[in-house]
Ligand SMILES: Nc1ncnc2c1ncn2[C@@H]1O[C@H](COP(=O)(O)OP(=O)(O)OP(=O)(O)O)[C@@H](O)[C@H]1O
């Protein structure tokens, strides 16, 4: 988990603004001088004198390097209008911006990865008034955002150019720039009226050929976005009206959504399964992977330290500060083909096999150690038995010594002649030798003994042994014991077994003491015998002296056996201790190895199952592919024939389509013109219809009024006719009354007539006017 890296860059101020700046930068923190509590700390803060290359080095360089390795990366410049975002991203004639620096760096890094081959594509788009336009193909407008499992979130129809060098990329960028929406505001002569997203898609795979089993066919695909956002603005400051005002409101709206998304992410809403409104604006939807998703993201927050923009700067810093708390989780984006997957699995299985082999080897060693331990235990057991035997023997010898003394004391009472029976062990040899030297005398003595003479030394020993030891309890007899003594392991041999662990622990003084208890005897048995005879008290017979000599020798042997016994005992203790320790550690090791072996067996089993499953899949796929290939080759042949035929017709069709396309575009233009003009006409017509409706309404009213007046006129006509008829009758009456008396009457009638005539004229005029008006209205009505 990596959090968004935030860098702040303050643009240079004119000297008069610098004097009155309310902000103070110290280290990686910026605070209001008057209110030190309003303080913001970031990963890096760059002052007015910094270079864009320093800003690039702070984080973007790392993001570019990671993009080459397969990690997605996004860097965007945020800030109010005129704070220097475009200057930072695009740069100027004197100072290259983040985009050119990143492009050069990207190709440089690619060249360093000699073991991989790369394919780089680029695209350039703008979001203008919430519409996505392709800056590389300006005709591609109002593009839509889509999302699917394979491509994630993408802009459908956005063109991508394959690029091989930085110069090529920058050429495309310049072309795109020329189609970007830029406008003049009170704050910036070249103010960006849209958000632009410059995107590079980097694909790479191992260069190694197919025969290389260590290589993997996985393809890494990463996306690097460099975003120049439009600046937040206040209409009052920018003086935006009309189109600019509309642009400004779209810019502010999308930046507000970006702010909300960052706020929600910084509060950990996403982690709690809450809703993050990525879809509320095109900007946040496109940048969704960079905001709390799979990408390394950095924000360059551009600010101005001028007093007049303190509020805007504070709100930019608040946004940036929230962004600091947003975490992303970038990981290498790898696409694995079936073959690559199979190769990788095979490699894993081989590794597991090797591991299993080594573990089995360990197990074998453990078993060997176990066997050795068992053998050691048996050896120890035998040693113990032998030690016991030695103990028994020593007690036996001591008893015999005591019995010998008893025999010697009884000799004074009873004169007896005896000779030791030939001993079966090595001691007897030593005794026999001097006896044989005495010739026939000794052999006769032996015969005597056999013929019921007093019991010999051996018999005495047997008796004393029988009185002290119960052979049945131990399961062996004296003769067994004497025989086994011969097979006793050499004490030095035993010492040799353990000497590498512990030296002889018996003190030298003890050994000497032990030796001192036995009188020193010459090495040669004859000399020993003579020495004994010289030492023996006078009055002892030769046989008695011999017996004493034998006893002394036996004593000697017993002592040396005692010594050996104690040495053996010591060694035995050591061996036991070492064996116990070894046993414990071996058991531990054995258990551990057994566990490992079991786990590995399990892993191997799973791997084997996987391998067999994959093998079956591969086999079935291979079969299908073979079948498909044979079908395809047949079809291809047929198709190639058809292709030849159709190529010609396609060429014709293409030319026809081109013509059609031209005529269609002409038609489309005409249609657009017609649409535009008809739109005006329709509008006009609708106004006219409304006027006509109004007019016809008034005309109808007028007509009804005229109808009424016509009725009046008809009445007047009738009246006129009546008057005319009255007039005619009056004229007739005048003619008839042409007498003097009637002169007065005539005069009055004439006056009456005159009045009637004027009345008639007036009515006539009125009628004429009405008729004219009616005709006019009827004409008007007909034309409408
Ligand atoms: N660090 C800087 N050094 C020198 N000049 C700068 C710096 N930053 C910005 N300017 C200058 O300030 C002016 C405005 O910068 P620019 O157009 O990059 O701002 P903007 O934030 O992109 O604005 P708008 O959001 O309106 O597009 C430009 O003339 C630019 O050359």
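Placed from the backbone N, Cα and C atoms, the Cβ positions cover glycine too.
Range annotated as region 'Disordered' by TrEMBL, chosen from 405-428, 429-452, 453-476: 429-452.
Taking the centroid of the Cβ atoms of 79, 80, 81, 82, 83, 84, 85, 86 as the ATP site, the other same-chain residues with Cβ within 8 Å of it are 11, 77, 87, 188, 231, 302, 304.
The coiled coil (544-610) makes no contact with the coiled coil (689-780), as judged by fewer than three Cβ pairs under 8 Å among residues 6 or more apart in sequence. The C-beta environment of residue 81 (ATP binding site), restricted to residues of the same chain at least 6 apart in sequence and closer than 8 Å, consists of 185, 187, 188, 191, 230, 231, 232, 233, 238. Beyond the region 'Disordered' (1-20), the same-chain residues lying 6 or more positions past its ends with a Cβ under 8 Å from any Cβ of the stretch are 30, 40, 42-50, 55, 58-59, 83-84, 87-88, 296-308, 317, 320-321, 323-330. The DSSP secondary structure for residue 86 (ATP binding site) is helix.
All protein chains considered, the CB of residue 82 (ATP binding site) has 25 other CB atoms within 10 Å. Every protein chain shown contributes to the tally, and the Cβ of residue 79 (ATP binding site) ends up with 28 other Cβ atoms within 10 Å.
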